Amino acid sequence: MAGGAFVAQGSGKKYEGGVTCFVIVTCLVAAMGGLIFGYDIGISGANNWMILRDVAGGVTSMDSFLKRFFPSVYRKEHETRDDDNMYCKFDSHLLTLFTSSLYLAALVASFFSSTVTRLFGRKISMLFGGLVFFVGAIFNGAATNIAMLIIGRLLLGVGVGFANQSVPIYLSEMAPAQIRGALNIGFQMAITIGILAANLINYGTAQIKEGYGWRISLGLAAVPALMITIGSFFLPDTPNSILERGHPEQAKRMLQKIRGTDNVEAEFQDLVDATEAAKKVEHPWKNILQPKYRPQLVICTMIPFFQQLTGINVIMFYAPVLFKTLGFGDNASLMSAVITGVVNLVCTLVSVHSADRFGRRILFLEGGVQMIISQIIIGILIAINFGTRGVGELSKGSANLVLFFICAYVAAFAWSWGPLGWLVPSEICPLEIRSAGQAINVSVNMFFTFVIGQFFLSMLCHMKFGLFLFFAGFVVLMTICVFFFLPETKNVPIEEMNRVWKAHWFWGKYIPDDAVIGNQTYTA
């Protein structure tokens, strides 16, 4: 049932209609695109978990994987001694290159998906991403040699690139302004569910002694791929996308359906204005470099860069490695990864509840302060117990304290930089550069995901406990940047964002006067 009219905060504009069951269901289905990314993050950590298996329990499925594809890593693992430097024990560029290669593929794919999303619609981009990810999962699960494994990994990357580019835009365009944050964060919620599911599945397959558990872990990635593929096949496209492709009547009917009212003239006119502006732009990639789009370009680059430099992947990608390094046993290591996954999932709900009530800025700022405190304390505890030589062990009390502050850190990320890192870039760009802006967001995100994933273990080896202080320093910087340079976007209709930029103390000088007329936004 449709709710009453809503007012975009501070915009002075009232749109008829409200929240309908139809729009909630379509957004929930679309948000499932996050499952493939989340599952891969969890399984990526699982692949690194394979390094950590001990021979005391006999030949396990993880040993089978290493022997088949990474024999040098297998030999190194079985040559380690109890007095090895705990910071450097698991440094392996070969295995992390396999894990991180997906994100280079996703980076490249995001630029192609930008064109597909703009010319053929958000739905087609999601559908294609799901299909390619499905094929990649089959390749990985059936791999008999390293070539199949790498091909599958690259296909997974293409799927992630297309899904991450199209899903956040789809959610932001479909949702009414007053719950856009909550519905868009459904994408991050799906990512956290995927991570948790992968950790649980890998915990089970790690117990299989016949040598095929890794095939199950990798092959089951086909399940979330099927979910988004089938779901996107039945999804409608957004009114913005339909109008952009030249079908105004169809776009208006879709807008009426998702708002639950026939009286959508005001909102539809804003979409028409945005579309007319978009038609005048022949080269979005060239256009986004113009001064009047400087705020969007900077924010779409800054947020994904900072999101990866929070240090979250140190924990979520390599949680098993991290906990093993910190002195936990094998089963405790994987269960600790599950614990962080549960915390991540539950605390993402805080963001769903709060993003549209208290705003994006307050979550960014509070989350940043909490992450800074947690990282500093974790670094100090590791320094006290392992020093610079990396030899030592955690007492039960210290281990529990480290686990507590890791969970506090994950909680802060889960209600701030995790979901908002996808939400804000997807809602701040005008239609004519929206696909290009989101492609920049995804590509920067994927590039630095690759960098952190590839070099984290070496950084841990060389920087030791200072690695946590290194990331804490970046969180200080990004929190300051948010305070000064990110305006509040809650409850602002997506096609009226220029009003926000024009009113900002710094960005206002880049927005020409004719870009904001009255309460409407004109980006031509």
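Placed from the backbone N, Cα and C atoms, the Cβ positions cover glycine too.
Automated prediction, rather than curation, is the source of TrEMBL annotations.
Annotated transmembrane segment per TrEMBL: 19-39, 94-112, 124-143, 149-171, 183-201, 213-235, 297-319, 331-350, 362-386, 398-418, 439-459, 465-486, in sequence order. Among the features that TrEMBL reports, domain 'Major facilitator superfamily (MFS) profile' is placed at 26-490.
Taking pairs at least six residues apart, the transmembrane segment (124-143) and the transmembrane segment (19-39) share three or more Cβ pairs below 8 Å and count as touching. Same-chain residues lying 6+ beyond the ends of the transmembrane segment (362-386) with a Cβ under 8 Å from its Cβ atoms: 86-87, 310-311, 326-327, 351, 354-355, 392-395, 398, 401-402, 405-406, 408-409, 411-413, 415-417, 420, 464-469, 471-472, 475-476, 478-479, 482-483, 486.
Tallying C-beta pairs under 8 angstroms between the transmembrane segment (149-171) and each of 398-418, 439-459, 465-486 places 439-459 first.
Along the domain 'Major facilitator superfamily (MFS) profile' (26-490), the predicted structure has mean pLDDT 83.
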